[in-house]
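Undergrad: Feature list, courtesy of TrEMBL:
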type	residues	note
TRANSMEM	31-52	transmembrane segment
TRANSMEM	64-83	transmembrane segment
TRANSMEM	95-114	transmembrane segment
TRANSMEM	120-139	transmembrane segment
TRANSMEM	195-214	transmembrane segment
TRANSMEM	244-264	transmembrane segment
TRANSMEM	276-295	transmembrane segment
TRANSMEM	334-357	transmembrane segment
Amino acid sequence: MTLATQPHDRARTTHPCPATRSERLRRATRWWPAPVLLALFAVPYSALPLPGLLDGPIGGPGNLQLLALCLLSGGLATGYDLLLGRTGLLSFGHALYFAAGTYVTDILMLEAGLSFTASALLGLLAGVALSALLGAVSLRVGGIGFSMVTLAFAQAASLLVQRDPGGVTGGEEGRAAPAGRLPASLVGIEHTADLYWIALAYLVVTLAVVGWAVRSPTGRVWAGIKENERRVEVLGLRPYGFKLVAFVLAGTLAALGGIVYLLLTGGATPRTTTSDFTLSLLVMVVLGGSGTRWGPMIGGILYTWADQRLGDLAGSGAVAALPPVIRVPLSQPLFLLGALFVAVIYLLPGGVARLPARLRSRSPATR
């Protein structure tokens with residue numbers, strides 16, 4: 001070996017520097033919700049108890065029903081974040097498209113005698129058409145004006161459903177789905193696991209669609225619109241068309257979620273038409289982390305679980321034995337839910353999903 005070749009040999013045998021601790025931590029925490037999502041596939045087969053979190057074994061019918069609702073909420077919040085977190089649109093009418101999927105599917109089975117498959121397809125198309133129509137109108141204005149227009153549509157639709165014109169919506173009582181029109185494999189307590197699979201499939205589909213859309217060229221334009229809409233116009237693009245695409249896509253996912261909700265609950269209820277329902281989605285997104293990959297899903301699951309389980313805590317004997325000054329507020333589930341939300345906002349700015357990033361920033365290796 002000559003002296004001329006020695007440096008080249010040393011260059012070829014030089015090994016890259018090992019990843020720093022902060023880099024390894026970043027890689028490990030980037031996809032941290034993914035193992036949780038995979039674990040959800042094993043839930044129906046598990047008999048493990050989770051004291052304090054769930055009553056009885058995880059795979060019990062009651063717990064599967066609750067977890068299915070949590071997964072559904074995670075998917076709904078993920079779809080809603082297309083507007084709020086990705087495009088910067090604060091809509092108060094998102095419940096309309098969810099309710100369109102629920103009510104149109106239910107009414108067509110009850111009144112027209114159509115099969116569930118045909119009714120669900122038409123219900124989905126109704127949600128798409130409604131979101132396209134209302135989006136085309138409301139997106140003509142921007143800022144707070146857009147939010148107020150969507151709120152007006154939501155209030156009008158909610159009032160219409162509760163007034164029950166023609167006796168088709170069921171008014172304040174809603175309408176139960178006809179069991180004879182639903183698939184036999186989705187009716188009855190013994191088929192709760194099948195409903196769980198449907199809710200999980202909806203969540204996975206929503207995550208996949210939103211992830212694909214955000215990474216697409218259109219998704220990059222959405223990010224530009226959220227940051228500075230005027231700059232997008234200067235580049236020669238029309239923000240209106242891109243915002244309408246986000247609006248319709250989010251509405252389509254919401255309508256699909258409404259059909260899943262009909263299967264889970266066995267009927268359509270007027271609560272799903274109100275702006276309060278959309279506000280719940282807003283809280284879910286903020287709780288988990290707006291504009292993040294996993295945040296809306298996490299927020300939807302946490303919010304729905306807390307909404308269902310904090311009622312049990314409020315009515316427990318432990319709370320009843322407390323002094324009145326403490327017992328009265330703790331006996332109100334909404335108070336507990338609000339306190340939890342405020343605590344997360346103050347302690348975890350940016351939502352739960354940004355907790356790993358905060359931990360990385362405080363790691364000694366990053367200083």
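Glycine residues also receive a Cβ, built from the backbone N, Cα and C atoms like all the rest.
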Undergrad: Would you say the transmembrane segment (244-264) and the transmembrane segment (95-114) are in contact under the rule of three or more C-beta pairs closer than 8 Å, pairs 6 or more apart in sequence?
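TA: Yes, these stretches are in contact.
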Undergrad: Can you name the far-off residues of the same chain, 6+ from the ends of the transmembrane segment (31-52), with a Cβ under 8 Å from a Cβ of it?
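TA: Residues packing against the transmembrane segment (31-52) from afar: 58-59, 64, 67, 71, 193, 196-197, 200, 204, 294, 297-298, 353, 356.
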Undergrad: For the transmembrane segment (334-357), I need the partner stretch with the highest count of C-beta pairs below 8 angstroms, choosing only from 64-83, 195-214, 244-264, 276-295.
TA: 276-295
Undergrad: With a Cβ cut-off under 8 Å, give me the same-chain residues at least six positions beyond the ends of the transmembrane segment (64-83) that come close to it.
TA: 40, 43-44, 54, 58, 89-91, 94, 98, 192-193, 195-196, 198-200, 202-203, 205-207, 210, 213-214, 222, 246-247, 249-250, 253-254, 257, 260-261, 264, 278, 281-282, 284-285, 288, 290-291, 295-301, 303-305, 308
